[in-house]
Amino acid sequence: MKQLRLNPISKVHGTVNIPGSKSISNRALLLATLAEGKTRLTNLLDSDDIRHMLTALKQLGVNYQLSDNNRVCEVEGLSGVINSDTAQTLFLGNAGTAMRPLCAALTLGSGEFTLTGEPRMEERPIGDLVDALNALGADIRYLKQPGFPPLTINATGLNGGDVEIAGDLSSQFLTALLMVTPLAKAQVNIKIKGELVSKPYIDITIALMAQFGVTVINHDYQRFEIPAGQKYVSPGTVLVEGDASSASYFLAAGAIQGGEVKVTGVGLKSIQGDVKFAEVLEAMGAQIEWGDDFIIARSAPLHGVDLDMNHIPDAAMTIATAALFATGTTTLRNIYNWRIKETDRLAAMATELRKVGAEVEEGHDYIRVTAPAQLNTADIDTYNDHRMAMCFSLMAFADCGITINDPDCTSKTFPDYFAQFAALAQ
């Protein structure tokens, strides 16, 4: 197993241009596919999850041209649904942002499609989405465990009508439904059961759909109306914002050990909810400055916070490790959906924080972290989870440094993360 030793870093300073958002990249690729006309996507993320989506689209007959650096993609839209005369099997790795939306999109046209992935993908639930699609007239069947991939879709189109979907597991289920229902045969009305997690990710979806000319009526995140008879039309060019979740590590670095760290590609005009991570750092005591397309973090003494993090669960992970450098106790609440991500992130985070000496209480849907008087070095297991690796890079600001096991797992969203992180310490 590959290991990366991070020696102690006493100061960070500099500017980081954040790579494109994973969430926006894969949504935009799918909408460009369904749209009328050619769409030019700029600042596309170059990572494993995006490659899985691109490979699947090519296999499905979608024509696109990718630039040499993989950051610009011109997609020739299908002016509607995906059809296939031959049975297709698509391997989607551990990319939830490809698996869930493609599962929904492939029900719209005609053909037989089998969706598979890595072993972890077979543990990530998809049942609520499948139930909703089947209720709208789809024919989706599980090949192994009910409620989980792999699965087979016999596509004949979506009828429309009323449907319910659970809101408390993953916003990706609702995102997938929202993106495909404008192309159903009749109006679709979606009712949300329970509290909707990660509402800002739904805002991203609706904003992108609007860019492609499609309307969703949002009744306070409890009910969504998607009128029939709509079509996606290319807006010409779509700029993919920097990934706000990826920005969180650099902003935390500035807050802990700045200097001054400036991240560009996200800011006041961002459509991503994870930019609110900077407000959490501010609540902990950091100095934050905002621009339309940048955020600056400067260090100040940090103290613990007690917050509901349901709206920004991915970025919330960074607060769990930033808490190692704060006085007092930090409690992150309403984060059950950490458990169904790339790994069970609640259990993994608790285990690894204890290795470095933190006092940790792991609840069903919360984590409580108290920093020790002295942090310990350790070999941090990353669980094939990019965010675990990036979160624990912050331990380089301890006097003892840290070793990251399997650092290349960051290729899922940020292949050159550790090089960019090291550059701030020069």
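Just so you know, the numbers here start at 1 and follow the chain as drawn.
Yeah, the Cβs are placed from backbone N, Cα and C, and that goes for glycine too.
Annotated active site, proton acceptor per Swiss-Prot: Asp314, in sequence order. Proximity of Asp314 (active site, proton acceptor) to non-local residues of its own chain (separation of 6 or more, Cβ distance below 8 Å) is seen for Ser245, Ser248, Asp274, Lys341, Arg387, given in sequence order.
Annotation source Swiss-Prot lists phosphoenolpyruvate binding site at Lys22, Gly96, Arg124, Gln172, Arg345, Arg387, Lys412, citing sequence analysis. For Arg124 (phosphoenolpyruvate binding site), the count of additional Cβ atoms within 10 Å of its Cβ stands at 20 [all protein chains shown].
Under a cutoff of 8 A between CB atoms, and with a sequence separation of 6+ in the same chain, the neighbours of Asn337 (3-phosphoshikimate binding site) are Asp168, Leu169, Ser170, Val197, Ser198, Pro313. Annotation comment: Swiss-Prot describes Lys22, Ser23, Arg27, Ser170, Ser171, Gln172, Ser198, Asp314, Asn337, Lys341 as 3-phosphoshikimate binding site.
Fewest Cβ neighbours within 10 Å among the binding-site residues Lys22, Arg27, Arg345, Arg387, Lys412: that distinction goes to Lys412. Around Ser171 (3-phosphoshikimate binding site), taking its Cβ as the centre, 25 other Cβ atoms fall within 10 Å, counting all chains. In this structure the alpha carbons, written CA, of Arg124 (phosphoenolpyruvate binding site) and Arg27 (3-phosphoshikimate binding site) are 19 Å apart.
Secondary structure at Arg124 (phosphoenolpyruvate binding site), as computed by DSSP, is coil. Its Cβ placed at the centre, Gly96 (phosphoenolpyruvate binding site) has 23 other Cβ atoms within 10 Å.
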